[in-house]
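Q: First, the structure itself, so that you have it in front of you.
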Amino acid sequence: MKTYKIALIKGDGIGPEIIDEAVKVLDAVASCCDLEFSYEEALMGGCAYDITGDPLPQETINISLNSDAVLFGAIGGAKWDNLPREKRPESGLLRFRKELGVYANLRPANVFDELINASSLKAEVIKGVDLMVVRELIGGIYFGEPKGRDENRGWNTMVYTREEIVRIAHQAFKIAMSRSKRVCSIDKANVLDVSQLWREVVIEVAKEYPEVELTHMYVDNAAMQLIRDPRQFDVMLTGNIFGDILSDEASMLSGSIGLLPSASVGAKIGVYEPIHGSAPDIAGQGIANPIATILSASMMLRYALGEHGAADKIDAAVKRALKEGYRTKDLAQYDAKEVCSTSEMGSIIANYAAK
């Protein structure tokens with residue numbers, strides 16, 4: 001039996017509720033896959049600030065680095081919006097990513113046939129969409145120096161090094177090898193020097209993956225093509241700010257952010273989390289959709305632990321639950337046969353995953 005240590009960071013708002021359901025499903029799939037999980041909880045976000053005065057206590061970093069993976073819920077809320085920037089929950093998350101050395105954000109976007117009417121786009125446009133946005137996470141304009149402002153000007157600097165581009169490109173090509181073997185690198189090489197370097201380095205890395213087809217696209221065109229014909233994409237490789245925008249755009253292809261997981265991975269350890277926020281307005285009501293967090297646990301099994309069979313079981317269980325008409329409140333208007341609470345949806349998926 002394989003044993004894995006998982007750090008649980010439940011966070012704020014609906015975070016504790018959705019993490020509990022993901023753990024329920026992990027334990028269910030462990031029972032039939034000869035796996036065992038041990039969990040250690042840690043604080044981050046507003047809840048951490050309330051208890052310790054710091055949105056990211058050192059203990060949380062230590063627990064995470066001593067684990068095989070981190071399963072994370074969500075942080076933030078209006079309660080903490082007026083704190084100094086360095087004390088806000090979001091500041092803790094940025095520091096957390098830096099401490100763990102995560103540099104790649106993986107955002108899958110696929111469309112469940114059972115929920116095809118939830119999308120704003122026509123069914124014939126999105127049916128069969130299955131893409132992955134691979135976004136560089138700790139470089140680019142969000143972190144470049146110099147940056148600042150005075151009364152009349154503000155400035156930021158977009159910087160990428162060859163090393164940063166090489167490692168994110170390898171991540172994208174390795175993922176493509178397990179998918180449809182196509183990478184589209186997104187840049188703005190027609191006007192940005194940094195994008196010209198990006199494109200040159202990606203072309204160099206591509207030579208190590210001759211089975212993978214590489215194409216290039218300017219970011220403005222990519223934003224349009226995601227709406228016009230999203231099925232043309234398999235793996236979309238891009239930098240921090242472009243990926244920030246494109247991954248949010250791609251997330252709406254499915255029609256609900258409550259369905260979509262993500263991973264932030266690097267040399268040390270990976271963090272697996274839903275793409276949605278902490279939704280404090282519905283916290284404690286038992287109506288949050290846990291599917292994105294459950295699918296984040298599946299990504300954790302696949303990319304952090306190499307347990308592809310267990311991940312496949314969770315993915316199939318989610319699909320079965322949706323096919324049979326189970327819906328949480330956010331999806332109730334889309335062919336629901338039974339509207340479930342957060343806990344009920346977790347139990348249904350756990351039951352299917354255990355078979």
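Every residue, even glycine, has its Cβ placed from backbone N, Cα and C.
The NAD(+) binding site feature in Swiss-Prot is assigned to 77-90, 277-289; the stated evidence is sequence analysis. Annotation comment: Swiss-Prot describes Arg97, Arg107, Arg135, Asp220 as substrate binding site. According to Swiss-Prot, the site 'Important for catalysis' annotation covers Tyr142, Lys188. Annotated Mg(2+) binding site per Swiss-Prot: Asp220, Asp244, Asp248, in sequence order.
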Q: Can you tell which of the binding-site residues (Arg97, Arg135) has the fewest other C-beta atoms within 10 angstroms of its C-beta?
A: Arg97
Q: Could you find out if DSSP has Pro89 (NAD(+) binding site) as helix, strand or coil?
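A: Reduced to three states, the DSSP call for Pro89 (NAD(+) binding site) is helix.
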Q: Would you list, in sequence order, the recorded positions among Gly77, Pro89, Lys188, Asp248, Ala279, Ala283 whose CA lies within 10 Å of the CA of Arg107 (substrate binding site)?
A: Asp248
Q: Taking only the Cα atoms, work out how far Ala279 (NAD(+) binding site) lies from Asp248 (Mg(2+) binding site), in Å, as a whole number.
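A: So the alpha carbons of Ala279 (NAD(+) binding site) and Asp248 (Mg(2+) binding site) sit roughly 17 Å from each other.
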Q: Closest of the binding-site residues to Lys188 (site 'Important for catalysis'), Cα to Cα, picking from Arg85, Asp248, Ala283?
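A: When the Cα distances are compared, Asp248 comes out closest.
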Q: Measuring Cα to Cα, tell me the gap between Gly77 (NAD(+) binding site) and Asp248 (Mg(2+) binding site) in whole angstrom.
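A: Distance between the two Cα atoms comes out at 20 Å.
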Q: For Arg135 (substrate binding site), what is the secondary structure state per DSSP, taken as helix, strand or coil?
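A: Once the DSSP labels are grouped into three classes, Arg135 (substrate binding site) ends up as strand.
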Q: I need the least crowded one of these recorded positions (Arg85, Arg107, Lys188), counting other C-beta atoms within 10 angstroms of each C-beta.
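A: Arg85, out of the recorded positions Arg85, Arg107, Lys188, has the fewest neighbouring Cβ atoms within 10 Å.
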Q: With Cβ-Cβ distance below 8 Å and at least 6 positions apart along the chain, what are the contacts of Asp81 (NAD(+) binding site)? List them in sequence order.
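A: Sequence-distant Cβ neighbours: Arg88.
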Q: With every protein chain in view, how many other Cβ atoms are within 10 Å of the Cβ of Asp220 (substrate binding site)?
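A: Its Cβ shell of radius 10 Å holds 12 other Cβ atoms.
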Q: Between Asp244, Asp248, which of the binding-site residues has the fewest other CB atoms within 10 angstroms in the structure shown?
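A: Asp248, out of the binding-site residues Asp244, Asp248, has the fewest neighbouring Cβ atoms within 10 Å.
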Q: Setting Asp220, Asp244, Asp248 aside, what same-chain residues sit with their Cβ within 8 Å of the center of the Cβ atoms that define the Mg(2+) site, listed in sequence order?
A: Val219, Ala223, Ile241, Phe242, Gly243, Ile245, Leu246, Ser247, Glu249
Q: Over all shown protein chains, what is the count of other CB atoms within 10 A of the CB belonging to Tyr142 (site 'Important for catalysis')?
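A: For Tyr142 (site 'Important for catalysis'), the count of other Cβ atoms within 10 Å is 15.
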Q: Which ones in the same chain are close to Pro89 (NAD(+) binding site), with CB under 8 Å and 6+ residues apart in sequence?
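A: Gly11, Asp12, Met44, Gly45, Gly46, Ala48, Tyr49, Pro55, Ile75, Gly76, Gly77, Trp80 - these are the non-local Cβ neighbours of Pro89 (NAD(+) binding site), listed in sequence order.
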